[in-house]
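What follows is a short report on a single structure.
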């Protein structure tokens, strides 16, 4: 597997002329768009909000959102919801994710990634491959992780990253996260630095830059993230992701709303009466399905996302209410 070095040529690729930016809806995309998901391969140099803005113009609608923010330096899977599909984005944000990353040992930065100012440089040349493997292995499983100081977590009503950039010391409490897989792919020695390519599967809420920081702390030489590529969000992966250039050529969905729900969640087939009850928000008997699941009408359309309770279902999101 090639190492996940962001391609600088992707940074703000295909820049739009001023007249394009002033027109929020291109003429070819002004009809009411179909609801669904677009799996975008985000380029380096763009914020997740930039990608949403581009999709708003391409699909001709303001009702666009994304599941799980990627930092500007990061690339890879960004799940974008169009129209009613924005209702399921919060659920997708909470799903497990996969990443490929590069950790540089021997240097710490203010942001714990390559975009920050260098705080300290220490030779990592003496660190062995075995020591690196052990430091990575120690972070697998259920761990308590102190989030990155430049995270969006609020401290006394303000974002941690804002306080950190103002020079204030930010202390965040450790949070439980789960690292299902954390594998070393390659170790490259570059002078006094050691670059470590890794792959990982982790729970929602895991900070990859914090993993890089903690590997460096364990080894006593410091570390920061130099490259990050998200390869999966829930059941949506890079193999189905489209670049913004692809979408500019043809603005089409990766999944319709029904397809998105059936790929992302377990399925429960409803009778006609159950479907009608669900459309009106009336609870059903539990189905014995773990977690949130897609409830489908006899015609195959997804009516709602439900979750079993002790004696009745709970409507998490009603996608096709009786009033629609």
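Cβ atoms are placed via backbone N, Cα and C, with glycine included.
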Which residue range, 1-38, 39-76, is the one TrEMBL calls region 'Disordered'?
1-38
Taking DSSP H, G, I as helix and E, B as strand, the domain 'tRNA pseudouridine synthase II TruB subfamily 2 C-terminal' (265-320) contains 8 helix, 22 strand, 26 coil
Looking only at Cβ atoms, how many others are within 10 Å of the one on residue 71 (active site, nucleophile)?
19
The domain 'tRNA pseudouridylate synthase B C-terminal' (209-252): which same-chain residues, six or more beyond its ends, come within Cβ distance under 8 Å?
3-6, 13-14, 28-29, 37-41, 43, 51, 54-55, 58-59, 67-68, 70-71, 73-79, 92, 95-109, 111-114, 116, 119-120, 122-124, 127, 131-132, 135-136, 138-139, 145-148, 150, 179, 182, 195-196, 199-201, 263-264
